[in-house]
Amino acid sequence: MRWYSRRFSRTVCLWLAFISVTLHLLLVALSPFVYQSSCKHHKITKMDATKMSTEIGNGPSSPVNMDALFSHPLYDVPTLPIPEEDWLMRIKPKVTSGRSTQMWVSDPEIDYDPAHWNSTSDSQPPWLRFHLGISRRQLYPHRDPNMPSLIQQLSKHRIVSAVQKSGGTQLKLVMSFPNYGQAMLKPMKQERDEESNFNLYYFSDFERHNAEIAAFHLDRVLGYRRIPPAVGRLVDVVKEIKDITTDHRLAKTFFTSPVGNVCFYGQCSYYCSTEHAVCGRPHELEASLAVMLPDPSLAKRHSWRSPWRRSYSRSKVAAWETDSQYCDTVKKTAPYDKGTRLVDLIDLTILDFLMGNMDRHHYETFEKFGNNTFLLHLDNGRAFGRHSKDEPSILAPLEQCCRIRRSTLSRLRLLSLPQYRLSDVMRESLSHDPLFSVAPLLSEPHLLALDRRLNVVLQTVRDCQRRQRSRRGEGSDVIYDDINDYKKSVTPVTPAG
């Protein structure tokens, strides 16, 4: 009986082993099909998730037609003839101007093209047409026929000179072209998806090349046109900087890194050392190039200290940060006591808040136009540093003064609508920059932060109107109605009788 039992158990074990081996082989044979089916399901799931995020407004939607936006009545407004005195510069016949103080050339007879310019725009290089197009109201017109040529020059034209720009806290170069045009170069310092270190103070942050480019596009999208055109470019560190520079201070800072990349660091207050060198890969360097404004010897600029300037101290705070009635004092002080200077500054405030730019200590205007002119929105390299955090204090001028142009508010409301969503407009606009072929100029989190911050601006205006109504019964004092004033100036008056 024991023998029979042991034999039966052995038979059962053999059968179980046979079944186990058979099932194992069957699973091995079927596993590729199961894996493929799983991958297909995973891909469908990702596609569905992308579609869902788009539908709920968390992802990119279909490209926005930029022409449709700029054809909107809020952008394509009738223009008045510009009086002669409202142009920044005019060509004087039979007068030869001296060389610009910003021109630094080693051999003009070899490197520079012969200049055969006259008063006709067709004979003038793009940079000169840009200078001659600056008026009391803006740096360039809404539909500027010169813009494509100017962008082409900045991104493609041969560079004949590269010298370090004097002054400033970080490395900048002045690049010259064969047609005597010049551009300000800011090199790539940070990866696009890298956020600024939260432990750094705003005055210690890097200047980013893509921030300068994105700021130009955002300024244009907002309808301001107060930032000089800026474009991305891949620069050859050796051929387009090292080999042609006549700046000995810059030349002696070049070196080759341990992995064979050509680097340099220049001389400046911050981040000009071997530890913070700018390096090509191995020779190619991403950079922004912004067209230079007219030389100060030809068109003087006035630098104004911002009333809402930060303390630039690790321990002190500025007066506006503790005084809720601070704007009342500002409004009694020239030039904010009359004209449009206050709403001009609030336009700049809104731009800075959308970009997350805390580094706005001064702004400039052209002296020729006195106080009745636009503000230049220069030096935006410290913008777009953080997308995960907004800085409410940037909006202090709007919160404290509760004043905004009707035209600005109307365009902001338009850019909050689904068909003109600000992030979509900026994504489309930046896709035309030459560096887009390398990588998008702004990461998706930065683009989505624009929508979030735009809603904050609009809510701030609503809060201002609510406070005004609770005090005076109406909220109309918040809006500076520049639209109706402009309509009256462009509408011809019908003679009586």
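Each residue, glycine too, has its Cβ placed from N, Cα and C.
Now, the feature entries from TrEMBL:
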- 12-35: transmembrane segment (TRANSMEM)
- Gln170, Lys186, Glu207, Ala290, Val291, Met292, Leu293, Glu364, Asp379: ATP binding site (BINDING)
- Glu207, Asp379: Mn(2+) binding site (BINDING)
- 254-470: domain 'FAM20 C-terminal' (DOMAIN)
- Asp359: active site (ACT_SITE)
Cβ-Cβ neighbours of Asp379 (ATP binding site) (radius 10 Å): 23
CB within-chain contacts under 8 A for Leu293 (ATP binding site), separation at least 6: His131, Ile134, Pro228, Ala299, Arg301, Leu376
Site extent for ATP (largest Cα pair distance over Gln170, Lys186, Glu207, Ala290, Val291, Met292, Leu293, Glu364, Asp379, Å): 20
Close in space, distant in sequence - Val291 (ATP binding site), Cβ under 8 Å, 6 or more apart: Trp127, Phe130, Leu150, Leu154, Gly181, Gln182, Ala183, Pro228, Pro229, Ala230
Asp379 (ATP binding site) and Asp359 (active site), Cα-Cα, nearest whole angstrom: 9
Those recorded positions listed as Glu207, Asp359, and which of them has the most Cβ atoms within 10 Å of its own Cβ: Glu207
